[in-house]
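These come from TrEMBL:
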TRANSMEM  18-37  transmembrane segment
TRANSMEM  43-64  transmembrane segment
TRANSMEM  76-105  transmembrane segment
TRANSMEM  117-137  transmembrane segment
TRANSMEM  149-166  transmembrane segment
DOMAIN    211-344  domain 'GGDEF'
Amino acid sequence: MDTHPDTLTQLARPHRKAVLVALLWITILAGILFGILNATKGALALSILEWGMSLYSVFLLLAVRRTQHLERWILAYIFPFFTAMMIAIATPTASVTVFGWVLLIPLVSHLLLGRRLGLGISLFFIGVALVIFLYRFDAGDAVMDVRSVANMVILTACITVFSHVYEVSRERSEIQLLQMAQTDFLTGLPNRSRIKVFFEREKSRAAREQQPLSLLIIDLDHFKKVNDRFGHEAGDRALVFFADLLRQRLRATDLAGRLGGEEFGVILVNTATNTASQVAEDLRRALESADLQHDGQSIPLSMSVGVSELGVDGHNLQDLLAAADQRLYAAKDNGRNQVVPDPTTLATASLC
Ligand SMILES: Nc1nc2c(ncn2[C@@H]2O[C@H](COP(=O)(O)OP(=O)(O)OP(=O)(O)O)[C@@H](O)[C@H]2O)c(=O)[nH]1
């Protein structure tokens, strides 16, 4: 399944962008407000830091609207924002309640950076905040009372654990939804959408490594007759049976999927038309000689195949599907149960 980390990052992007924009607005408004409050209390250095953070957030707000590199801008926000927070809590004149902001660290980190990086950055900055706390207060200070410290530590630990568990289960649900959206319900094979994603990735790899890549379109012959004669349930069993055959016969690096109905697509990596035709012929023979039983009766199955190759028949999936489809129909016209790598070879196709 396509649960590649890049795909998950792509999926999380709109949600992370929305969280970042909301945080930037909060930082702008909070920075202006606290800047004014600290200025009136005479803490001018802190005010300047807060106004600076507001101004920087305005700049980030403009930058993230059109960026292709959201992760970089998230880090460009998180590090100065958390560092400013650390400076604020370390300032001797700042109220002890400023430590309350530390609770934002695990929430913001997990929402913006996901479970791994989010947890790493949370633990780092919470650790720094703890060191600052121990440095700022002595054993005799009221805030060092065991219950106060226990409250703060347990609350921070709870929010860190909840944020992490939330992000882990959110990512799991996302993977499950992605798998469902890319899987054919009946056969469990990848569907058209997954074939497309796989093709795009393998196409880039084939170009980089200068390797061939082929596509097969396989259509079960006279499938309507299978349904009519043995029933729809037997037809479903035949589709599942064929899907299993594909799984058993193909290499782990290839991809077989269901394009729809009784039509299947196979992408063969590092494979040119000649070898792809042999693979298709092996599959054709295996299906022809397979013994699928239903209610004590044997269901005869055969298939027709069209083959196309990247670079020879086109440079995108649409071109390859069109070329393979044309050959598939040539195979059907020529009597079915055969592989057609190229219509000009039709005379010898059934001997392939
Ligand atoms: N049981 C079952 N049948 C399906 C499914 N999807 C499509 N079909 C049937 O597959 C049959 C396809 O029929 P046609 O398009 O006429 O093709 P064919 O009978 O295989 O004939 P050729 O392709 O020309 O060899 C139809 O009867 C569909 O109802 C499915 O998921 N389960």
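Positions of Cβ are set from backbone N, Cα and C atoms, glycine also.
Across the domain 'GGDEF' (211-344), the model assigns an average pLDDT of 96. Outside the transmembrane segment (149-166), and at least 6 residues removed from its termini, the chain residues within Cβ reach (under 8 Å) are 99, 102-103, 106-107, 109-111, 115, 118-119, 122-123, 126, 143. The helix, strand and coil residue counts that DSSP assigns across the domain 'GGDEF' (211-344) are 62 helix, 36 strand, 36 coil.
Highlighted: of the candidate stretches 18-37, 43-64, 76-105, 76-105 has the greatest count of Cβ pairs under 8 Å to the transmembrane segment (117-137). Packing against the transmembrane segment (43-64) from elsewhere in the chain are residues 17, 20-21, 24-25, 27-32, 34-36, 70, 73, 76-77, 80-81, 84, 87-88, 91, 93-94: each is 6 or more residues past its ends and has a CB under 8 Å from a CB in it.
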